């Protein structure tokens, strides 16, 4: 699988490998994953809360923070579980994904977006997108993969493996069935495997 080959490349930094694997296994939106803090992680349960796109507010007060919104749960599996401890290296607070430098002078950054141990700032969407493009572009800057492709690929692969519409909606957290049906586009390989069920003497019939 192309995603596995990309993550296995030696020149790819551990931060990027972890981010890409987590995006794929959670089928989460990039902004959701980039917004997760270490203290949000449930390592044993392989899950974490995240502020989803269009998250409902718990109150109407001004200056709302993350805790003022209804959070949704993202689930990951063994690949992310192996990489996260290596990435964090004992850090227990602050953003999971950080830059390799401190914010510039005069730049106002929320305390939640700063690692209290290193002073490094949260990795932004633009930075994460540029890093992915750097490793996947073949026809110049801007021609590489988009971060959303991990979510799309995850849901497509689940659809090909027979996940039901309801399960895909639960995993993706889409509210409308029509937004999920597009992932039910089986590959030629999946159609060939399905066709094999019609072979003479197939015991499953």
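Note: Cβ is positioned from N, Cα and C throughout, glycine not excepted.
Quick look at what Swiss-Prot lists:
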- 1-196: domain 'Tyr recombinase' (DOMAIN)
- 29: active site (ACT_SITE)
- 58: active site (ACT_SITE)
- 148: active site (ACT_SITE)
- 151: active site (ACT_SITE)
- 174: active site (ACT_SITE)
- 183: active site, O-(3'-phospho-DNA)-tyrosine intermediate (ACT_SITE)
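The least crowded of the active-site residues 29, 151, 174, judged by other CB atoms within 10 A of its own CB, is 174. For the active-site residues 148, 183, the greatest number of Cβ atoms within 10 Å around a candidate Cβ is found at 183. Averaged across the domain 'Tyr recombinase' (1-196), the predicted model reaches a pLDDT of 90.
Among the active-site residues 29, 174, 183, the residue whose Cα lies closest in space to that of residue 148 (active site) is 29. For the pair residue 183 (active site, O-(3'-phospho-DNA)-tyrosine intermediate) and residue 151 (active site), the C-alpha distance works out to 11 angstrom.
The two recorded residues, residue 151 (active site) and residue 29 (active site), have Cα atoms 7 Å apart.
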